[in-house]
Amino acid sequence: MEREKGTAQPVLILAIETSCDETSVAVVKDGNEVLSNLISSQIETHRAFGGVVPEVASRKHVEVITLVIEEALSVAGVEPEELTAIAVTQGPGLVGALLVGVVAAKSLALAWGKPLIGTHHIAGHIYANRLVTELKYPCMTLVVSGGHTELVQMEREGEFRIIGRTRDDAVGEAYDKVARALGFPYPGGPHVDRLAREAEEAVPLPRVWLEPDSYDFSFSGLKSAVLNVVNQSRMKGLTPDVAGIARGFQESVVEVLVEKAIRAVKSSAAKQLLLCGGVAANGGLRTLLTARCEAEGIELIIPPPVYCTDNAAMIGAAAYVKWIHDGGTPLDMVADPGFSLEKWSV
Ligand code: KG4
Ligand code: ZN
């Protein structure tokens, strides 16, 4: 069912995101105007454990979700009856965490008599770019988050084809593990990013390209190489060159991500390259990707940091695309930790 675009009534979507450690609720108008975007982060709670503890995450979502929903509506100045639909992250993510958002969204949909839009988390990260500018199809997206590293080709609006993915760790996960080995708390990405900037020179580390024509990634070998350097220094009674290691790791990761993304754009008809996910906040990645895209004449779009890490505004943006093409999702839908991006295509 293709809905008519540009009708007089604005499409107002209340979006809920609880797939990991942020409870976020937003109100988004017509898929690109953010009226409110509230984010309640659990990072301080999880830091003591060195990573996200799934059961603690679910409990924290339950504690705050109602308040965050009320606040998001109040900041937006929108009454429930004005809403077009309720969107929620259906997956992928931690099942117990997803469940809290899904149950809240279903309850509101029933109580207020509104349609429900089950939304894909990675489609959300990708469509965070629609909050910045109009997208032109076909386009290519480099998804770099704590749980995902993918190159996604989109021939048209709402259609996703994954042409490359990580074979082991996600890039954010590798950042977090390396940061931990260097003695920094969760989430470690920003620490490694800062250290890399401060370092005078990089400790040499390998680049993992895989087969020459592959768009896949692998980061676990690089992570082991970092651990080896750290352990060898300690065995010799030396203090590891933490900043140099961070810079070497970052240079290796960023070079491979950037070169594969550029090659994917050049070997397709993509009109734009989009960057998204928490690691899109990385200074080294933004700098090199911007420079390479300028040199190659590729239009690059990067969301501001608040829309790179998990947030509900991006879910509202993706849900809008689903809504105008396919309409709502049946109320008996379930939270799906392994939700497929390609199958979610409109
Ligand atoms: O997208 P996101 O908020 O959550 C997932 O859906 O996974 O990404 C979180 C990840 C964490 O691994 C965090 O360390 C990483 O993004 N991250 C960074 C930076 N800021 C956040 N990694 C590298 N450099 C950064 N500046
Ligand atoms: Zn995410």
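Even glycines carry a Cβ here, placed using N, Cα and C.
TrEMBL lists HIS121, HIS125, ASP310 with the feature Fe cation binding site. Positions annotated as substrate binding site by TrEMBL: VAL143, VAL144, SER145, GLY146, GLY147, ASP176, GLY189, ASP193, ASN282. If you look up TrEMBL, you'll see 33-316 marked as domain 'Gcp-like'.
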HIS121, HIS125, ASP310 screened against SER145 (substrate binding site), Cα within 10 Å - retained binding-site residues: HIS125, ASP310
Site of maximum Cβ density within 10 Å, from binding-site residues SER145, ASN282: ASN282
Between GLY147 (substrate binding site) and HIS121 (Fe cation binding site): CA-CA distance (Å): 11
Residues VAL143, VAL144, SER145, GLY146, GLY147, ASP176, GLY189, ASP193, ASN282 [recorded substrate binders]: greatest CA to CA distance in Å: 18
Of HIS121, VAL143, GLY147, GLY189, ASP310 (the binding-site residues), the residue whose Cβ has the fewest other Cβ atoms within 10 Å: GLY147
Rounded inter-Cα distance in Å - ASP310 (Fe cation binding site), VAL143 (substrate binding site): 13
Cβ-Cβ neighbours of HIS125 (Fe cation binding site) (radius 10 Å): 32
